[in-house]
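Working notes, beginning with the structure itself.
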Amino acid sequence: MEGVVHTGTDASAFKECFSLTWKNPYVLRLAFSAGIGGLLFGYDTGVISGALLYIRDDFKSVDRQTVLQESIVSMAVAGAIIGAAIGGWMNDRFGRKTAILIADFLFFIGAVVMASAPNPALLIVGRVFVGLGVGMASMTSPLYISEASPAKIRGALVSTNGFLITGGQFLSYLINLAFTNAPGTWRWMLGIAGLPALLQFILMLLLPESPRWLFRKGREEEAKVILRKIYPADDVEKEIQDLKESVEAEIREEGSAKINMMKLLKTKTVRRGLIAGVGLQVFQQFVGINTVMYYSPTIVQLAGFASNKTALLLSLVTAGLNALGSIVSIYFIDRTGRKKLLLISLFGVAISLGLLAGVFHETTSHSPMVSRIQTSHFSNYTCPDYSSATNPGAWDCMKCLKASSPDCGFCASPTDKVKSHDISIFLQSLVFVFPSLIGFLLLLQLLPGACLLSNDTVKDLCHDESRLWYTRGCPSKYGWLALVGLALYIIFFSPGMGTAPWIVNSEIYPLRFRGVCGGIAATANWISNLIVAQSFLSLTEAIGTSWTFLIFGVISVVGLLFVIVYVPETKGLPIEEIEKMLETRSLHFRFWEKSQKPQEKKSQAV
């Protein structure tokens, strides 16, 4: 109930959320119906990573131009920036429900356009439409869930949106794998996204508007009807009264003034809330999460796994861990608290990125050599740069892949190919003993290979001799360690930085400013996302994968310090209490100590 924090909230929030299944399924229906917006968000994030592998095969211009690959990924992000900005205004003007319906319509149109795109240009247009829908849904869904949830379990229910985001990512990898051998591959992968958008559109038509927004618009009777369905009979009247007083106080404070940026910045609670909320959204992206989600199969290939299908299969592991982490978040977010979870998350992310930087450094500096004998085996297809090199004996796989006039690829020695039986044995033994990882690495013998022209003909010739064909990364003994680093990264990121920034932003702003501030924070998230998505592949080409991950690691450390200084703990607090905490600058720097609850503070004051 708003205005009161019950004792025992920490231990029982998750259980109470689960008990809604039979106690009050109406609340869960609201949360999961709105949370499909999170599913759309997650599906689009994940599906493009696998679809991109096959788009490169269909459109050679995409395969040759890194910038075009980045544009196909990032134009959805650009659309999301506009969608999030418009979504904030639309939420306050027309309501949360209407914003979600419009988002679904845009997403559906985008999915149809992408599935039927005859060229990269129209594919990018479809990505923009999808981005508009995703941007609006990214800030509206958690806002709707937050305003239709009892305070005691608000964090757990908003976390369902995070779970559906990661669930959508996992689903996208499964669908990617399902269509790897189907005609049209990537068209099915991208087009099928229209189905959940259509489902949410139908469900939201049957659901009410946010009760808080209705109160704000003076439609109190409609709001009371909804609140009586959400809260138990003995709590609902107190909730209605608290909400009414909150809205009336804001109306008195606002007078006839319009909301503008100066108004936001001059309001102390809003300004401090924006610093925390926007900062969290920026750091969520700048620690590199969407390089992993957008480019996960590509990263796997950079680590030394050549096959598209293998890259997708291994990427499925990271998507599964991401979904698992969001389930963990649902349990711990109201038990441990937002701030502690964020700090643990960022610490682990920094360690994981350090590991990835080290692994990719070893991968690039210890790639197999190019053999003149192996290359002469394909005498008509030798890489021109290798043929004209003054010191071809110094060439290794990485130098071969950097040749650009024309592009060249590396055909590995047959003994570099590890049998699927060996991989199966490794995966089974890894369950019981970690040292088996070392044993598996010893199976990889990195013998010299051939440096050849990069085209479909040469690729097929290489495959015909049971060799692996590399154009993005090189065979490596350390490839599996890169997968371990990715797994650790996701395990630490998902429960904390994956969900907590959205939860904090859904509850840290005063009601009157919540839609606009949520839109500002979501827009900051998407702008940061765009910067990272549009620059990742270019960065890996310019400074190397190792240095790119190292930069993300340094940003993670800065983010950890930011959370300690600027982010308040909002666990279990009513909106009114959060406003008071921001007003008095009580940001609870000693985050490891258990904070006092409002009732305890009042009793001490007496």
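The backbone N, Cα and C atoms fix where each Cβ goes, and this holds for glycine too.
Per TrEMBL, the feature domain 'Major facilitator superfamily (MFS) profile' maps to 30-571. For the domain 'Major facilitator superfamily (MFS) profile' (30-571), the model's pLDDT averages out at 81.
Per TrEMBL, transmembrane segment is recorded for 30-55 (among others).
Taken from TrEMBL, the feature transmembrane segment covers 67-87 (among others). Outside the transmembrane segment (67-87), and at least 6 residues removed from its termini, the chain residues within Cβ reach (under 8 Å) are 44, 48, 52, 55-56, 61, 99, 103, 106, 120, 123-124, 127-140, 294-295, 519, 522-523, 525-527, 529-530, 533-538.
The transmembrane segment feature in TrEMBL is assigned to 99-118 (among others).
Long-range contacts of the transmembrane segment (124-145) within its own chain (CB-CB distance under 8 A, at least 6 residues past either end) are made by residues 30-31, 34-38, 40-41, 44, 48, 71-72, 75-88, 90-91, 96-97, 99-100, 102-115, 117, 157-158, 160-161, 190, 193, 197, 210, 502-503, 505-506, 514-515, 518-519, 521-523, 525-526. Under the heading transmembrane segment, TrEMBL lists 124-145 (among others).
According to TrEMBL, the feature transmembrane segment maps to 157-179 (among others).
According to TrEMBL, the feature transmembrane segment maps to 185-207 (among others). Among residues of the same chain six or more beyond the transmembrane segment (185-207), those with a C-beta under 8 A of the stretch's C-beta atoms are 29-30, 33-34, 36-37, 39-40, 43-44, 47-48, 50-52, 54-55, 58, 97, 100-101, 104-105, 107-108, 111-112, 114-117, 126, 130, 133, 168, 172, 175-176, 179.
Residues 45-46, 48-49, 52, 73, 169, 264-265, 315, 318-319, 322, 342, 346, 349, 353, 486, 489-490, 493, 497-498, 500-501, 504-505, 508-510, 517-518, 520-522, 524-525, 528-529, 531-533, 536-537, 548-549, 552, 555-556, 558-559, 562-563, 566-568, 582 of the same chain, all 6+ positions outside the transmembrane segment (273-296), place their C-beta atoms under 8 angstroms from a C-beta of that stretch. The transmembrane segment annotation in TrEMBL covers 273-296 (among others).
What TrEMBL records for 311-334 (among others) is transmembrane segment. Beyond the transmembrane segment (311-334), the same-chain residues lying 6 or more positions past its ends with a Cβ under 8 Å from any Cβ of the stretch are 9-10, 13-14, 17, 46, 49-50, 53, 152-156, 159-160, 162-163, 165-167, 169-170, 172-174, 176-177, 180, 292-293, 296-298, 300-301, 305, 341, 483, 486-487, 490-491, 493-496, 498-500, 503, 571-572.
Proximity of distant same-chain residues to the transmembrane segment (341-360), defined by a Cβ-Cβ separation under 8 Å and at least 6 residues beyond the stretch ends, is recorded for 280, 283, 287-288, 302-303, 329, 332-333, 478, 481-482, 484-486, 488-489, 491-493, 495-498, 500, 544-547, 549-550, 552-553, 556-557, 559-560, 563-564, 567, 591. Per TrEMBL, the feature transmembrane segment maps to 341-360 (among others).
Here TrEMBL flags 423-444 (among others) as transmembrane segment.
If you look up TrEMBL, you'll see 478-504 (among others) marked as transmembrane segment.
Among the features that TrEMBL reports, transmembrane segment is placed at 547-567 (among others). Remote same-chain partners of the transmembrane segment (547-567), defined as residues 6 or more beyond its termini with a Cβ less than 8 Å from a stretch Cβ, comprise 272, 275-276, 279-280, 283, 286-288, 291, 338-339, 342-343, 346-347, 349-350, 353-354, 356-357, 360, 497, 504, 536, 539-540, 587, 589, 591.
Same-chain residues lying 6 or more positions outside the transmembrane segment (157-179) and placing a CB less than 8 Å from one of its CB atoms are 17, 27, 31-32, 34-47, 49-51, 141-142, 145-146, 149, 185-186, 188-189, 192, 196, 293, 309, 312-313, 315-316, 319-320, 322-323, 325-327, 329-330, 333, 494, 498-499, 502-503, 506-507.
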